[in-house]
Amino acid sequence: MSAFSAAFLPVLVRRERGSLAATLIAPPVALAAATVVNLGLYVLMGRDPVAVAYAMLLEPFLSWASFSEVLLKTGPLLLIAQGLAIGFRAKVFNIGAEGQFILGAIFASAIPVWFPQATGQWVWPVMLLLGALGGALWASVTAFWRVKLNANEILVSLMLTLVAAQFLNYLLLGPWKDPNGFNFPQSVMFQYDAMVPILIPGTRVNVSLLLTIALSIAAWILMQKSFIGYKLQVGGLAPRAASYAGFNEGWAIWLSLLIGGCAAGLAGAAEVAGPLGQLQRSISTGYGYAAIIVAYLGGLHPIGIVVSALCMAVLYIGGDNAMVSANLPIAAVRVFQGSLLLAYLVAVAFVRYRLEWRRAAYRSQP
Amino acid sequence: MNAIEFILAGMLAAATPFLLAALGELVVERAGVLNLGVEGLMAFGAVLAFVIVHHGGGHFLGFIAAGLGSAVLSLVFAVIALGFRANQVATGLAIGILGQGLSALFGKSYESLTVKGLPKLGLPWLSEIPLVGGLFIQDVVVWLSLAATFAIWATFAYTKIGLVVRAIGENPKAAHAIGYSVITVRFAAVAFGGTMAGFAGAYAAVVYTPLWADGMIAGRGWIAIALVVFGTWLTGRIFLGACLFGAVSLMGLAAQASGLDVPSQLLASLPYLVTILVLGIISADRRLLKLNGVASLGEPFER
């Protein structure tokens, strides 16, 4: 044991105050670490790491055509993550954004499916509003279960996502299936006025990106500048102190979930009324789950989330590229997402702690 | 075979993935750790078992690989959540996403392939009873998981190890002061939970439905976490809850077989709807949760 006791062992020691430098460095370090680990995995799978890295990380920036697709993917991720982050800061863990997204898409599709002839400039804005309503309604079930029945919101919101996916299947295989769609599980193609107008000509980027940016600014004002945001954060950091100060916990849960649900529902509506143009089974490629990672990677801060949403969108488009050019299964993107969040959680530990090397013998003393 | 016989005969097998994963999570939570990655741990175990069994490694080796693999993945959770004191909710979600991603990645070339399940073993005499006899004709894993249920109940009720784990979940500071290593015990509990989740995934993939499909765990891991709450952290109630979910997931099949005119999607979402419902009913009684709940669940331990 004597040789061992002389060795130095790392110990995490709490900092007196959080380190700003570590806060800012953590996301890029996590990104770099996750990239290295995943490239290593691709080598093990027998892929050329240089080709994959080129396709995944560089190609999305090399042409306007592919960068506009990055912007298109950024929209839903950014919107959902902003909504979720507000809840996460209040310690309300809504992980059912995927389900709220699906309900938003379904609600928005009701107009073009039921009224395929409807025309006028009002159609797509009303669809977006309906989408936000659908997402909020779906989230309100979770809020009710949590506030009135004391049920865990993580489990309830996740179960509701699985139900929402089945509901979407039911509609697309049953009442909402396009009768002229060669039996594919999808709705009719939407009419012209049911589509969000294109923002940048020659791309698929539409007006909803402006909406997303506006809502990001609203989230920043709400969380950083307003009394409501302050109350939510205090409720999350110190629930007891908040309740002594007269801040109602139930109110914070309702507000967090409704904001999150609205944002996810709006994103779902913008997806069907934007790039897709119809309700399909594959309306979401895991946006609701990816947005959880986007929210954390952005430090739950509205500005950080803008940057992390862009990064995650690059990963999605890059993953598509790598699937085509380097024959990489698309599941690799999910592996990357998971390991990215893990790397971030390790990196962010150094905001509150610093590493000290202590003699093992010193450590084992009682 | 009528519907009741059908459900009785299949209930225990359908319950086994829920039961194994929930028992593992019970031990983890009793030690004061909340691991939300069960779904991903199950998916990872499932793909490992399927690949091994498909390549002729046999079920025993498949289960061992699944248990070991998921244990390793759960130790990644332990290092980050316990070692680096990261938020346990976020770490669990990340492990869940990673596990499901790895499962899809490794399982890609096995999509819709099948393997052979396990033979059913009947208990003499009991299995010949009419109506309920089917309850006593089960594969060996079902019998083993019943034994595991009993062993875990007895460990918590009668042994010192059980007491130490509970103490560490209730009051880690006090347990540390008496001289128990909180982190070591919690690491061990997480590894145990990971192993059980791996077994649960293996059972789903190579015994219960011996066919590979991406996403075949289908929320069972999450239901297992909910089961721990339903069971108010008591082994016996968790077993009953798992049986309930086994029965509910068979009800869909029974209803379809009997030609009932209900959309199959409604039947498929039945387990999720029941989870939401039961979660509301049990949680509404706050005293019940407080009585058996784990006091320091999810809180990081610092000396």
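Count begins at 1; order follows the chain as displayed.
Every residue gets a Cβ built from N, Cα and C, even glycine.
Feature list (source: TrEMBL):
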TRANSMEM  A:20-45  transmembrane segment
TRANSMEM  A:92-116  transmembrane segment
TRANSMEM  A:122-147  transmembrane segment
TRANSMEM  A:154-173  transmembrane segment
TRANSMEM  A:205-223  transmembrane segment
TRANSMEM  A:253-274  transmembrane segment
TRANSMEM  A:286-319  transmembrane segment
TRANSMEM  A:331-353  transmembrane segment
Open item on the list: Pairs 6 or more apart in sequence, C-beta under 8 angstroms, 3 or more of them: is that satisfied by the transmembrane segment (A:122-147) and the transmembrane segment (A:253-274)?
Closed with: yes
Task: Residues of the parent chain within Cβ reach of the transmembrane segment (A:253-274), under 8 Å, 6 or more residues beyond its termini - done: 72, 75-76, 79-80, 82-84, 86-87, 90, 92, 94, 97-98, 100-109, 124, 127-128, 130-140, 142-143, 146-147, 153, 157, 190, 194-196, 204, 206, 208, 211-212, 215, 228, 232, 280, 283-284, 287-288, 291
Open item on the list: Should anything in the same chain at least six residues away from the transmembrane segment (A:331-353) have a Cβ under 8 Å from its Cβ atoms, list it; otherwise answer none.
Closed with: 12-15, 18-19, 22-23, 25-27, 29-31, 33-34, 37-38, 41-42, 286, 289-290, 292-293, 296-297, 299, 312, 315-316, 319, 322
- [ ] With a Cβ cut-off under 8 Å, give me the same-chain residues at least six positions beyond the ends of the transmembrane segment (A:205-223) that come close to it.
- [x] 68, 71-72, 74-75, 78-79, 82-83, 85-86, 89, 128, 195-199, 229, 232-233, 263, 266, 270, 273-275, 301-303, 305-306
